[in-house]
Amino acid sequence: MTDTAGGKVIKPGGTIGVLGGGQLGRMLALAGRNMGYRFVTLDPTEDAPCGQVADEQIQANFDDVEAARKLAALSDVITYEFENVDAHVTSILMNESYVPQGSELLYTTQHRLREKKAIEAAGVPVAPYAEVKSAAELKEAVEKFGTPCVLKTATGGYDGKGQWVIRSIDEVEEAYDTLSRAKTELVLEQFIHFDKELSVIAARSPRGEVKAFPAAENIHVHNILHQSIVPARIPSDVQQEAEKLATRIAEGLGVIGLIAVELFLTKDGQLYVNELAPRPHNSGHYTMEACRTSQFEQHVRAICNLPLGSTELLSPVVMVNLLGEHIEPLNGLIDQPGFLEDTNLGVSAKVHLYGKKEAKEKRKMGHINLLTSDVQNALTWIERTRIWESK
Ligand code: AMP
């Protein structure tokens, strides 16, 4: 480990501790091991996806103080693969080890209202919103924004959970009663009639270097990411603008490591940030084969304060998620000639699986990166395999 004016450098051979042992940690460890780093992960699940590929897994709950201390003692640098990290555990890790991402960004992104204020302070637009503290305030805000509009819990929501699309003023009482049970602040957002959902993942290192990956066009099914299409089918000036906004957020919020920026694009070309995730992101899995540097390698470089890698796109790509219900149809095809290399369509399929034993419905089990010269061919490949028919 060396200290330079631009912050501490963790050289290969060092140990990276990962809070959380899911697929994001697993792919991070796989990338980091190639770079010569060692990994230790903390996760309560036996044989967690990251535990399978790390040097060591500490099997304990995320609020287990002794386990956090053990992780701190074993690690030269600590990162996390989910954002709802317990504040007490974060402070232990920061006191007893090195957490270059700090606690402030987590504190901001754990709470929708704090997050929106920070994004606005960085000079980046978010959908018009209002904090609501009572059914009466909600009614007033619904009248202001009009219907539909979206009521969200400030904390704890993901993949569309903790949300209520209010379609008529008559729903106000029920929406308020239901979401206020979550015992957190509520925020009402104007409904954005978006044309496309995009995301940009940017990285920033302690030495202040920032690089953004190409914008992805994301298609969700039942609020879960289904596909990321890159290049996004949008004008190049909008792509550049989205990447510029993500860079501005990385700089404005003093991000270290990755920040995933989810955006709405309206028909008239306006971009609004929906939310942030201070970690590798499902919509960045396309980088694994399609970019010169993957998001996982970039995160390792950023937290270890190595120079960031090139984010150049090497090939158009479509990433498609494999949920529990897609595993059986995939298994029926995976050994078929022409499945992984479809020369007719000019599509090359790279299958990634996360080592999860039970293929529960809607559980993220893996993904496929489809490399192609034309994203339309990859979309045709997806349709023809019929793996995703039972959505
Ligand atoms: P979130 O949990 O905030 O990422 O929202 C989940 C999904 O709900 C988004 O990917 C959008 O498809 C939809 N959504 C959320 N907020 C809005 C909004 N203000 N206007 C329109 N759609 C929204």
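Backbone N, Cα and C atoms are what each Cβ position is placed from, and that goes for glycine too.
The feature ATP binding site is assigned by TrEMBL to ARG112, LYS152, 157-163, 189-192, GLU197, HIS220, 274-275. Within its own chain, ARG112 (ATP binding site) has LYS152, THR153, ALA154, THR155, GLY157, VAL187, GLU275 as residues 6 or more apart in sequence whose C-beta sits under 8 angstroms from its own.
Within the model, the domain 'ATP-grasp' (116-304) carries an average pLDDT of 96. Positions annotated as domain 'ATP-grasp' by TrEMBL: 116-304.
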| task | List the same-chain residues at least 6 positions away in sequence whose Cβ sits under 8 Å from the Cβ of LYS161 (ATP binding site), in sequence order, or say none. | result | ASN223
| Which binding-site residues of ARG112, LYS161, GLU189 contact ligand 1 in the sense of C-beta under 6 Å? | GLU189
| request: Give the helix, strand or coil assignment DSSP yields for ASN274 (ATP binding site). | output: strand
| said: Which secondary structure state does DSSP assign to GLU189 (ATP binding site), in the simple three-class scheme? | reply: strand
| query | What is the Cβ neighbour count of ILE192 (ATP binding site) at a 10 Å cut-off, with all protein chains included? | reply | 19
